[in-house]
Amino acid sequence: MKLRFRVLLACFLISMPGMASSIGDDLSTAVVTRETLDETLVLDGLVEAVKHSTVSAQTSGRVTELPFDVDDRFVADTLILRLEDTEQRARLNQARAALEEAEANLVDARQRFERIRAIRNRDLASEQAFDQATNRLNAARARREHRLASVSEAEQQLAYTQVRAASDGVFTRRHVEPGEAVRPGQPLFDTLALAPLRVEAALPRRHLSWVRENPRIRVSLAEGQPLATDTLTIYPQADPRSDTVRLRLRLNSPGAGVLPGMLAKVAVVVASREALWIPAESLIRRSELRAVFVLDEEDQPRLRQVRVGIEEAGRLEVLAGLDAGERILADPKAQTGRAQ
């Protein structure tokens, strides 16, 4: 192995004849640094709506207006369906008429009670007559309250014939057609809200403990647009088929261009360790040789074989061959070019 390295080293020095004569004050150097390396696992994620709902009928009737279809968007308070309201209006009119009658009876009972009470104070009415007047007044009050409740219920049933959107959203499924008769509880639409949104991804279970203790996660769309998140939820159970645990991240103000169903990338830090780093340009590659020029005590460059790991943001991880704090040539190729 040593002989092989010497041969490769000799070949390299022959290919760079200007290096020895290029040593001077203008050397561009770098220092081997020790920094934390985060091992990141990139998961496939999916943007989802937080709010899914099925809009159901609250009263019976025939569908007379249906202005939206599947995939149509709507805003809050938009009329999305109308039912025939003839029956509901008739019930409301009946309830209001009954209320008017109850209010008239209450006025009559109150007047009678006041008369009986007045003459009772002069000992001109019996205790029995006073009790009857009191009971009649209380009964009239109760009937009025009952009629008020009936009017309120009839008004609500009439309001139910106009189905309005509770929030901004989009239709995902339609269960009825114009002219179709519906009954209370029957599904009309499936909808989802366009805000708030979340991203879900499946994390391999072996990384669960680390992520619980060190939740560092970045989310972006498939094309690279970063998405801000504010809440991480880890599902309390694993999927036995895939041996994964679901992660849910709520998006913070994702913007109008982010929609449910979009693909996302979820970068999860699953480990962290100390590592040595050098500039990527400082590494010399010749066949199987991986080496750098290390400056000795006299600032002379000495070629040294190294073993490298990952490359990240213009720097290389050094697995063996260097120590933290050593100085190296930052870009030996550029240095050779200047010398030549």
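Placed from the backbone N, Cα and C atoms, the Cβ positions cover glycine too.
The coiled coil annotation in TrEMBL covers 85-119.
Sequence annotations record features per position, and here TrEMBL assigns domain 'Multidrug resistance protein MdtA-like alpha-helical hairpin' to 92-161.
If you take every residue in the domain 'CusB-like beta-barrel' (199-268) and average the pLDDT, you get 93. Taken from TrEMBL, the feature domain 'CusB-like beta-barrel' applies to 199-268.
Positions annotated as domain 'Multidrug resistance protein MdtA-like C-terminal permuted SH3' by TrEMBL: 275-329. Remark: secondary structure over the domain 'Multidrug resistance protein MdtA-like C-terminal permuted SH3' (275-329) totals 3 helix, 35 strand, 17 coil, with classes taken from DSSP.
Feature annotation from TrEMBL assigns signal peptide to 1-20.
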Composition by DSSP (helix, strand, coil) of residues within the domain 'Multidrug resistance protein MdtA-like alpha-helical hairpin' (92-161): 62 helix, 0 strand, 8 coil
Secondary structure content of the domain 'CusB-like beta-barrel' (199-268), with strand meaning DSSP E or B: 9 helix, 38 strand, 23 coil
